[in-house]
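Colleague: The following block contains the structure, expressed as structure tokens.
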Amino acid sequence: MSSSNNSSLYSYYLKNVSIYGGIPIFIGGCIGGILNIIVLISLKTFRENSCAFYLTMISFVNIGHLLTGLLHRILVSGFDIDLTLISSSFCKLFQYSLQVCALLSITCLCLATIDQYFATCSHYRWREWSNIKISRRLTKIFLIIWLIHGIPCLIYFDLNKLISTKKFRCMIRNKKFSNYFIHGYSAILTGYLPIFVTILFGLLSYYNIKCLSSSRISNIRRELDKQLTTMIVVLDIFNIIALMPYPIILIIRSISSIIEDPFTAEKTIFISNLTVFFYYLYFASPFYIFICVSERFRRQLI
């Protein structure tokens, strides 16, 4: 089979995945995010809880990320519509907002997992770190950090004309920043680092929960901590499954230029595009995970 036939076949498959897979993820994720916010802010117990605050922030940011990143991916792969080509400024702002939303969402998940570790500690001094005021301050601090961190996107992303297709594309024009974007941002900041943090503190929280029965914490607080920890741990597990493939494939794709076999290179690019939709499951899934594992969450929704 020729290289052009392979490309046409992969484009056809990707278009179908975008339409029949991407659209349901987008719609389900946006609806789920809105319902998440309604449930988390309508119940006083959740409203005054620091972990629930992080989950509320995750819901807001996830909706923003789905409306930018996933919707863009669906339009490009499914309908050949690329809104980033409207102007150079739009290209830069799009990539900037995409990066900030992704980093803030994943950071809030890490902070929620760490918060639950402190909330379930037997020692009172450690439990004091699980505090709504601290969670608000940390969220503001990390928002500022990621807003500053994203500034290079406004500088180095621009419309570039591809030699192979003669078409313009919103892409990085600086090789050093491109390497950082792949290995620093995609692989570490939104890949391996949050996975490591959530695994570590998720396991510690799970261990603490096992010891809660012998602690002096009130029954109401103990039950809330158990449910929130279960919600966080299950979300952490799904986070690992959803986020792990994309940075791995992206790194492989970055060296596809040195792969001699064109079929292998095209296949790598195709798999990379598929893992993007799997990656967006993380941003679309929290509501459906919470409703499955938390009785209190289900009761409040009904």
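Including glycine, each Cβ sits where the backbone N, Cα and C put it.
Under the heading domain 'G-protein coupled receptors family 1 profile', TrEMBL lists 32-290. Summarising the annotation, TrEMBL assigns transmembrane segment to 20-41, 53-76, 96-118, 138-157, 185-207, 228-249, 269-293.
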Colleague: Using a Cβ cut-off under 8 Å, which residues of the same chain at least 6 positions beyond either end of the transmembrane segment (96-118) come close to it?
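Modeller: 50-51, 54-55, 57-58, 61-62, 64-65, 68-69, 126-130, 135, 138-139, 142-143, 146-147, 149-151, 153-154, 157, 185, 189-190, 194, 197-198, 201-202, 204-205, 208, 225, 228-229, 232, 235-236, 239, 243, 283.
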Colleague: Can you tell me the mean pLDDT for the domain 'G-protein coupled receptors family 1 profile' (32-290)?
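Modeller: Average per-residue pLDDT within the domain 'G-protein coupled receptors family 1 profile' (32-290): 89.
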Colleague: Return yes if the transmembrane segment (269-293) and the transmembrane segment (20-41) have at least 3 CB pairs under 8 Å (sequence gap of 6 or more), otherwise no.
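Modeller: Per Cβ check, the transmembrane segment (269-293) touches the transmembrane segment (20-41).
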Colleague: Please figure out which one of 20-41, 53-76, 185-207, 228-249 racks up the most CB pairs under 8 Å against the transmembrane segment (138-157).
Modeller: 53-76
Colleague: Given a Cβ distance threshold of under 8 angstroms, which distant residues of the chain, six or more beyond its ends, lie next to the transmembrane segment (20-41)?
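Modeller: 47, 52, 55-56, 59-60, 62-63, 66-67, 70-71, 73-74, 77-78, 277, 280-281, 283-288, 290, 297, 300-301.
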Colleague: Mind checking which residues reach the transmembrane segment (185-207)? Cβ under 8 Å, same chain, six or more beyond either end.
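Modeller: Long-range Cβ neighbours of the transmembrane segment (185-207): 99, 102-103, 106-107, 109-110, 113-114, 116-117, 120, 229, 232-233, 236-237, 239-240, 243-244, 246-247, 250-251.
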